[in-house]
Amino acid sequence: MVHGYFPEPVTVQWESGTITRGIRTFPSVHHSSSGLYTTTSQLTVPSEGRKSQYHCNVQHRHTSFTHTGVVTPCITKPVPPEVRVLHSCNPRPGETTVELMCLISGFFPVPVVVEWLVNDKPSHITATTATPWKDQTGNTFSTSSKASISMENWMDGKTYTCKVTHRASESTVKGTVQKCESDSSSGIRVYLTPPNPGDLYINQFPKLTCLVVDLPSNIGLQITWTRETGGTLTPDPTEIKDAFNGTYTALSSLPIFPRDWESDTSFVCKVEHTDLPSPITKAISRKQASNPSELQAPEVQLLLHSSCSSKAEESSINLLCLISGFYPSSVTFEWLVDGQTNLVTSITASPWKDANGHTFSTTSKVNITQEEWMMGKTYTCRVTHLGTRDKIQDQAQKCTDNKCKLPTSIHVFLTPPSPHDLYESRVPKITCLVVNLPNDTGLNITWWQKGKALNPEVQVKRIEYNGTTTATSTLDISTYDWESGESYTCHVEHVDLPSPITETISKKRGHKSTPSIYVYHPGQEEIVGPGDSLSLTCLVRGFHPDDISILWKKNNDTVTEDAQVTTTLTVKGKGKNANYFVYSLLTITKVEWDNRDSFTCRAIHGALDMKFIQRTIEKPPEMIVVDDICSDNEDTELEGLWATISVFITLFLLSVCYSATITLFKVKWLFSTVVELKRPGSPKYKNVIQRVI
């Protein structure tokens, strides 16, 4: 194994290249935490003509590094089996035979001989031995042998022995069983199990389990849960199963809150049974389940991955996740592909005890195709353990362009308090955000003001999709201090930093510009469309600096910023001294709009005298429009209108004619009267003329 080099590649030869057969070079490993590589070359040699030592030649051209290591051939040693005999201690009434099961596990190599003895003498018991199967570790094998004996022979109290012969054992390995001397209820036992780390820290739905074994019957069983301080709890329905030895097993699960477990609340399981002289009670808490001083968080390393030049002839790639040095032994695995779970099937080995006799280690393995690997997908092995509340993970990904980049450097960003927190809620906070941390080992974030250390809130750490860690530290300040121009400094230390990073923040100075606010109705397409929702748009423009808070209210009640509100980032206009603008979208229902609920867009900005400006909008009053006013009744109404007009014109003409006639008659009569009155007094010129003539 060649470890801790950068960049790729490294050349590995055996005996200076004279050996070319039996060599398998695994895909190189890129460690996301350090950015360095590990590669492994395996040499398989035949037993005949095997040397006592072999030389491994390593060359790294980029650093001109050469090294020759001496390797002693590893001969796999035989592993002796473990033998256990399972039996029916309390056969049920009516049974004529008793089944004996001999379980032989953890041996290597495969050949094994099984023989059944009765009272330490060979017998003619008919037994069936299964074909050995490979264990989850992939290194050892297991098998089983089943024998049936008569009830009469069993009740005689004879001793039955499963004798196993294997090349790894200097003598035979035996497992012995016989009928129990008495049927006593004292065999009932109760075990409490703490919550699984995955359920506790990932799913946030932990459960305690109370396991009752060796029950002679399932009649009269009662399991109850309480807090040690008092108060009955409600568990899940009890599961009762038949055990192989003729007894019963009961399992009761109690859902709890993670905060109760973390606060060391003690829970009590009480078991009552008709065959018990008195109830059995067991208590469990976080401290009882595991001593916090003994907790050891695991180390996670993903091996045999991240090949920059995978061999085409290899149809699959093995990803092996090694988890080591943890205590207690309970650990939860999770494999992710591009951040998604349940896309690959893993084989996880049972934890084994390390050489120190205290901590445990285990492995989890997945197989992927060469095609999947070459697509550049990211494979993550994520581990959860009681020793740490955070998930621990390592990642693998095919390098692009035959180059693998070193991790991006650590960056620190400071965020000022929001105008809403400053001027309305009056609880302003400033935030120190640390990104691209390879891990949280040795991370220390402190706050300072005028040379004095401050007390921030508890740090929040999160593992990102790319395997890095993000840490957030929040500090409570006062509005008065911020408005007065006080400065605050965030000081970040980490083992991977050559020197601490410090960033300082205070209120921005410079020109100020007050915002204008505009609220727009929903579009006509939305109103008449088939959907059930509408959009209200709020435009806030012309403000400076860019710190602004946008809130929405419905009937004077603040709308929570969930799926209903979408606000863009502030955008700076064009020009040297340009101001900023921002859009905010509120999604409402058509029912709310039709009910004429009022909606208010509120902008909070430091340049405003009142610190806020707002506009309210609601559905405007509608004109009542009857769609068929000019269609169905058009002819009827026009006919009535023209009839009225005709009557009016006729009457008008009649009145005019009547008035004219009367006037003419009166004028004629008056004229005639005048003429008649003048006739007698007029001279008779005709007669006079006639006389003259």
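The backbone N, Cα and C atoms fix where each Cβ goes, and this holds for glycine too.
Among the features that TrEMBL reports, domain 'Ig-like' is placed at 1-72, 81-178, 198-285, 298-393, 407-506, 515-618. The transmembrane segment annotation in TrEMBL covers 640-665.
Per-residue pLDDT, averaged along the domain 'Ig-like' (81-178), amounts to 83 for this model. Assigned with DSSP, the residues of the domain 'Ig-like' (407-506) fall into helix, strand and coil as follows: 10 helix, 46 strand, 44 coil. Taking DSSP states H, G and I as helix and E and B as strand, the domain 'Ig-like' (81-178) has 5 helix, 51 strand, 42 coil.
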